[in-house]
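What TrEMBL says about this one:
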- L32, R33, G74, K77, T78, T79, E140, D141, F142, R183, Y193, R230: ATP binding site (BINDING)
- T78: Mg(2+) binding site (BINDING)
- R303, R322, R327: DNA binding site (BINDING)
- 63-194: domain 'AAA+ ATPase' (DOMAIN)
- 13-193: region 'Large ATPase domain (RuvB-L)' (REGION)
- 194-264: region 'Small ATPAse domain (RuvB-S)' (REGION)
- 267-357: region 'Head domain (RuvB-H)' (REGION)
Amino acid sequence: MNWDDTTDTGAEEERLVGSVADREDQAVEAALRPKDLGEFIGQEKVREQLDLVLRAARARGATADHVLLSGAPGLGKTTLSMIIAAEMGAPIRITSGPAIQHAGDLAAILSSLQEGEVLFLDEIHRMSRPAEEMLYMAMEDFRVDVIVGKGPGATAIPLELPPFTLVGATTRAGLLPPPLRDRFGFTAHMEFYEPAELERVVHRSANLLDVEIDPAGAAEIAGRSRGTPRIANRLLRRVRDYAQVKADGLITREIAAAALAVYEVDARGLDRLDRAVLEALLKLFGGGPVGLSTLAVAVGEERETVEEVAEPFLVREGLLARTPRGRVATPAAWAHLGLTPPRSQGAGTGQQDLFGA
Ligand SMILES: Nc1ncnc2c1ncn2[C@@H]1O[C@H](COP(=O)(O)OP(=O)(O)O)[C@@H](O)[C@H]1O
Ligand SMILES: [Mg+2]
């Protein structure tokens, strides 16, 4: 992959700190995935609760209740689904909401499940409506109605399913219709990771990848990883490259900082696009408020890219606020870019209306 592309397309998967996995990631991720709950770092509450759910099911010799995992990309949802299967000693089938176009696709998957199997349904909020309705019955009664034929002659043939565990994952639990949400026996909300937890993730991955790293080096990478293990692993690999080429392979704080400067990931984890958005907001629009479309034009990006890729992190970091009048920079944004806010901040310059909001 060519890092020069990082912000040309703005596509999240092409960015170093983006949270969607690319192909290289997927291969390495598989190797770095914790295999059981004991290896899974952080998310203490989720781990404790899930441990109880799974232990109890095992003790009863039953199939575990359906589990819903919600949280931002890269926090470990896919990993946890595999751990659930491993802890239950069950096979796992992996699919996703967008992959299920028709209810028939889902019926085919459901009817081929083995008893106790874990069905992992990623991006469950993006499933089609008919498939969703079929899933209600499958989750509750382990039964589906397969419709044969069309029009007045169509008949529903009931089909018994073996008990299975549905593990649904979503980045937006709020988007799930309540009847679907209610059918999960256990819902886990994954939080962003603390720096200390990410340091452990970095050490663990370095160990598995046979990379030498000292504690300060791991802390430096963890601090720039946006609370996300996937990003921590990705930054670790880029820093490893740098350490091999420019130094003796050992990752220290200095090496990590120098490497991440090359990849334009700053001390807080902001990348080039994040900073471009902030700079435009501060330098061109005096800190806002400015409409999203205007801001996107100013940085030469699609509106969606700015809204979905850059903004969530900037908002979470307290650098940018979304207000009814438009995007506004916070005092922390001025400080982060080393700029001084104008005294009349917030008065508006009229510029924000040039392109409309
Ligand atoms: N708690 C954790 N401990 C260690 N590594 C983790 C943890 N959570 C996620 N990871 C790592 O981060 C990567 C992304 O995790 P993944 O489960 O694919 O996230 P999601 O499905 O939520 O997008 C995986 O390679 C995994 O190794
Ligand atoms: Mg995933």
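Note that the numbers count up from 1, one per residue, in the order the chain is shown.
Here the Cβ of each residue, glycine as well, is placed from N, Cα and C on the backbone.
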Residues among the binding-site residues L32, G74, T78, R322, R327 that border ligand 2 - Cβ under 6 angstroms, in sequence order: T78
Neighbourhood of R322 (DNA binding site) by C-beta distance under 8 A, where only residues 6 or more apart in the same chain count: E311, V315
Recorded ATP binding residues, L32, R33, G74, K77, T78, T79, E140, D141, F142, R183, Y193, R230 - maximal Cα separation rounded to whole Å: 37
Those binding-site residues listed as F142, Y193, and which of them has the most Cβ atoms within 10 Å of its own Cβ: Y193
Count of other CB atoms lying within 10 Å of the CB belonging to T78 (ATP binding site): 22
Shell list (DNA; ref centroid = CB of R303, R322, R327; cutoff 8 A): G291, L292, L295, A296, V306, E307, E311, G326
Other C-beta atoms that fall within 10 angstroms of the C-beta of G74 (ATP binding site): 28
Filtered binding-site residues, from L32, G74, T78, F142, R303, R322, whose Cβ is under 6 Å from an atom of ligand 1: L32, G74, T78
The one of R303, R327 whose CB sees the fewest other CB atoms within 10 Å, among these binding-site residues: R303
Neighbouring C-beta atoms (10 Å sphere around the C-beta of E140 (ATP binding site)): 12
Where T78 (ATP binding site) falls in three-state DSSP terms: helix
Mean of the pLDDT scores, which run from 0 to 100, over the region 'Large ATPase domain (RuvB-L)' (13-193): 90
Span of the DNA site, taken as the largest CA to CA distance across R303, R322, R327 (Å, rounded to a whole number): 14
Euclidean distance between Cα atoms of R327 (DNA binding site) and Y193 (ATP binding site), Å: 27
